[in-house]
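Visitor: Feature table excerpt (TrEMBL):
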TRANSMEM  54-77  transmembrane segment
TRANSMEM  89-110  transmembrane segment
TRANSMEM  156-174  transmembrane segment
TRANSMEM  186-208  transmembrane segment
TRANSMEM  228-248  transmembrane segment
TRANSMEM  255-276  transmembrane segment
TRANSMEM  306-323  transmembrane segment
TRANSMEM  329-348  transmembrane segment
TRANSMEM  387-408  transmembrane segment
TRANSMEM  446-464  transmembrane segment
Amino acid sequence: MDEFHAPARLAWATGRLAMESPLVNNYKKPFIIRRLIETFLGGLRLFASDDVPFYVYLLQILLFSVIPFLSIACVLLGHSGVLQDDWDVYICGIVEFLYALLLQILAYFLRKQRSKVEGVEHVNLAIDEEYLEFDSPFGPKTWCFLIREKRSKINILFHSLVVGVVGGWAIYYIRPEATLHLNVAWGANVALTVLGIITVSVGLWPLIGGAPPEPANFHPLSWDLPALSRPAHMLICILVHFLTTLYPSQFWLHIFDVFCHLVFVTSPLLWILGILPPIDALILWSLEQWIVIALGGSPLASSGRLIIQAVFGTLALCIVAIMPSFMALMVTSSCFGFLLSIDIAWLLSSLLSPHVKMLTGISGKYEEMQPIAGNPSFHKIACRSELILYFLLFCAVIGMSLGCQLPHSDWYAITLNDTVVPSGEEVDNRALRAVPVLFKSNSRDAVGSLVVVIAFSTLILNELQKIYLFGVFRNPVYAFCKRLQKNSLLYIISQMLQI
């Protein structure tokens, strides 16, 4: 038996060794090392090619070193007391803004020298980095390599402003006085400051020299937007620290501030690992959290519908905030809540002409809107029936809201007027005793229990229509519930429960 297994083991070991191949071969390894170094340093290309002259690397290091040296000087001057009243923050921000603006303007004019003759503007550094040419320290080809050209000239001014604002307030964030509330040793405090200066340097250089290749990408961006990802991460941490300073009594803000400090000083490592999101994904995620947490909406499938829903939800919130009376506020909130809970884009794209490509593109049903042989679209027929149902439910929402608010309008007026009377005047306690029946404890408990029952019933109805219950257990009544889905009465009941 052992003699039979020995050749089998040898054959398996030989085949296993033959199938193994290196993850990174010798040809790809230099390219990956260059990309990792460029990503970590914020776009600084120190190992671009073997043919790059020494003065190009020296110019890169000199131009890159201005921001860290300026940050160190301002931190030391502020900590020693030479610059007081946050003058170190303002001076650092102004100087970094002027440095970024003048450097980009200088690079713009130097790149334009003989560009029409030599075709400098058509050099693709991402593809032709193995075959780079340099003319002189102040030649157009050299500065095309050092400072990449902006797609829009206005970005020269805009990115310089971002460098000044983020760089200035980053000094306020990383100086030792800003981390005293963390209760760490003095050596750890200095280490946080040094790591913060490194983060500021590699985070602001993409705005000047060009965005580095990032491992985390949501989709391709234009108009120099990738360069704003790192400053956006830094600015979020700084804003959290400002909120902690304004509201020192909020304990959860202090915990969040400690977490943001740790994220800030480890940002270069997080950027190279692709953990922090790019700016487009960060904005869309923030809008989704605003819709779900603040406005009480639901997550959306496409970016266009997410933006439109966030805009309409925010406008609805502003309109509700300026309502003159409490009863109008409650009725308007109910109406807007109902309208924002339905799929408005699908209704519009189903009712309007299929040539309205903007709406059909938002809903994602442009192909379904063009039926074959001129027959009426199934989605248009379904939309008409749902529109009638939504109209009836909308009228029911308005009626229920008015029915709950109108009988107690006098009590609302008395209560709201009593809450704003001067402290020296006596409050009419007899009016406050006449609490409406809806706001008494027994009524609140009954309404709360009814809401819990409705939510639980909606959850059960939704889960019974899935193949797996809660995504774990196989649904034993899925086939039976699938036949019940054709029943329009059950569909209407399900929709009313969800509303």
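Note that Cβ sites are derived from N, Cα and C of the backbone, with glycine treated the same way.
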Visitor: Among 186-208, 228-248, 387-408, which stretch has the most Cβ pairs under 8 Å to the transmembrane segment (329-348)?
Guide: 387-408
Visitor: Any contact between the transmembrane segment (54-77) and the transmembrane segment (186-208)? By contact I mean 3+ C-beta pairs closer than 8 Å, pairs at least 6 apart along the chain.
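Guide: They do touch: at least three Cβ pairs between the two stretches lie under 8 Å.
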Visitor: Cβ under 8 Å to the transmembrane segment (306-323), counting only same-chain residues 6 or more beyond its ends: which ones?
Guide: 284, 287-288, 290-291, 294-295, 297, 300, 329, 332-333, 336, 339-340, 345, 362
